[in-house]
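Visitor: Pasting a structure below so you can have a look.
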């Protein structure tokens with residue numbers, strides 16, 4: 001759909017008020033849930049069941065509580081600012097103002113949806129970065145460093161920002177042009193065309209990101225021939241896991257957090273954070289890898305991809321009923337309509353349903369984590385996985401006191417205590 005001028009008409013502004021109302025309701029709901037979590041983080045005396053299960057000290061418990069209290073308080077503060085700005089932007093007609101000014105300010109072709117869309121995204125990118133960059137720097141260099149959880153320097157974080165911006169300059173024009181082209185080409189069945197487009201983009205990104213983009217931020221080297229490498233290789237062979245390489249990533253230059261993951265379409269590469277190797281025994285590291293192989297064995301990545309495709313299909317099918325509606329554009333103050341602006345407005349209207357999708361995905365993710373734990377325990381790594389998780393808690397100051405509603409709404413993983421309790425039942 002090219003850029004079309006909309007005939008002036010009397011319209012109801014209900015669509016705009018629906019979006020603003022949802023933003024307010026969601027903000028109040030999330031702040032209520034966050035306040036419940038703050039109550040949990042205000043507990044100063046460690047519950048006896050946590051002490052007996054984890055064997056941690058009162059000092060370690062207090063450190064965890066203080067860290068997450070400070071972190072969540074700051075998140076609530078920044079959320080308030082972002083929500084206020086978002087409401088002002090919508091009610092004051094900033095979006096149509098920027099769209100109209102792309103022609104005069106950036107000297108764009110008034111009939112080029114791609115050029116004007118790119119300029120619009122650029123302005124939005126700057127607006128969001130002006131908020132996010134200071135917040136990220138404060139969170140990293142004040143809150144996390146206060147608890148010795150961040151090792152990243154100002155120079156390195158600034159370098160990351162420059163690289164991210166450069167990648168944006170390279171990839172956003174390609175993605176925008178491809179999106180507009182496919183949406184236009186698809187016609188009445190564009191939702192099917194978009195399904196294939198998004199699927200192809202997901203596959204391409206899974207190949208490009210770990211192989212070409214992630215190495216711009218971290219260094220990877222192959223794990224040396226040690227007992228650890230032999231143990232992981234033997235485990236992969238036993239599971240028929242198509243292992244190609246075992247890589248070590250220098251995660252310690254940014255934080256003390258530890259992780260392990262695998263990537264690859266056919267042959268797979270396992271990545272271990274150097275912090276994981278430095279803080280866990282070989283047996284515990286193999287147990288963590290066994291957990292990751294459980295995700296592969298149960299085909300969790302493919303199941304997530306399937307549900308993602310269903311979500312995309314539903315999203316763009318519903319979008320088809322809105323993209324040509326003059327009323328939607330006019331209610332937000334736009335005097336022109338296009339696929340680009342229609343998409344931006346629709347995803348604001350679609351946000352309530354998207355929230356339901358996200359809650360479902362989080363529930364599915366927590367279920368998958370339990371399945372992967374079962375897999376590791378079934379192959380004899382249950383006790384090592386438990387001891388490894390406890391060590392990672394002590395290293396990362398993992399949150400222990402979690403409100404059940406907060407857990408249900410936000411977390412993709414069960415809490416540490418829940419995982420240990422579940423593993424204990426399996427033994």
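From the backbone N, Cα and C atoms, a Cβ is placed for every residue, glycine too.
Note that this is a predicted model, so its numbers are computed, not measured.
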Visitor: If TrEMBL is the reference, give me the range from 189-209, 210-230, 231-251, 252-272 marked as transmembrane segment.
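Guide: Checking TrEMBL against the ranges 189-209, 210-230, 231-251, 252-272, the transmembrane segment one is 189-209.
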Visitor: Do you know which of 138-160, 161-183 TrEMBL annotates as transmembrane segment?
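Guide: Of 138-160, 161-183, TrEMBL gives transmembrane segment for 161-183.
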Visitor: State the residue range annotated as transmembrane segment by TrEMBL; the candidates are 12-29, 30-47.
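Guide: Checking TrEMBL against the ranges 12-29, 30-47, the transmembrane segment one is 12-29.
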Visitor: Identify the transmembrane segment range according to TrEMBL, selecting from 104-121, 302-319, 320-337.
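Guide: From TrEMBL, the annotated transmembrane segment range turns out to be 302-319.
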Visitor: Transmembrane segment per TrEMBL: which of the ranges 62-80, 81-99 is that?
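Guide: From TrEMBL, the annotated transmembrane segment range turns out to be 81-99.
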Visitor: Counting other Cβ atoms within 10 Å of each residue's Cβ, which of the binding-site residues 291, 295 comes out lowest?
Guide: 295
Visitor: If one looks at the chain holding residue 373 (active site, proton donor), which residues at least 6 apart in sequence have a CB under 8 angstroms from its CB?
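Guide: Listed in sequence order, they are 291, 294, 382, 385, 419, 422, 423, 426.
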Visitor: Provide the number of Cβ atoms within 10 Å of the Cβ of residue 369 (Zn(2+) binding site), excluding the reference atom itself.
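Guide: Residue 369 (Zn(2+) binding site) is surrounded by 21 other Cβ atoms within 10 Å.
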Visitor: For residue 292 (active site), which residues in the same chain are close in space, meaning a Cβ under 8 Å from its Cβ, but six or more apart along the sequence?
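Guide: The answer is 260, 261, 262, 270, 372.
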Visitor: Need one number: mean pLDDT over the domain 'Peptidase M48' (223-425).
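Guide: Value for the domain 'Peptidase M48' (223-425), mean pLDDT as a whole number: 90.
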Visitor: State the non-local partners of the transmembrane segment (189-209) in its own chain: residues 6+ outside its ends, Cβ under 8 Å from one of its Cβ atoms.
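Guide: Residues 175, 178-179, 182-183, 263, 265, 305, 308-309, 312-313, 316-317, 319-320.
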Visitor: Excluding 291, 295, 369 themselves, which residues in that chain have a Cβ inside 8 Å of the centre of the Cβ atoms defining the Zn(2+) site?
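Guide: So the additional residues around the site are 292, 294, 300, 368, 371, 372, 373, 375, 376.
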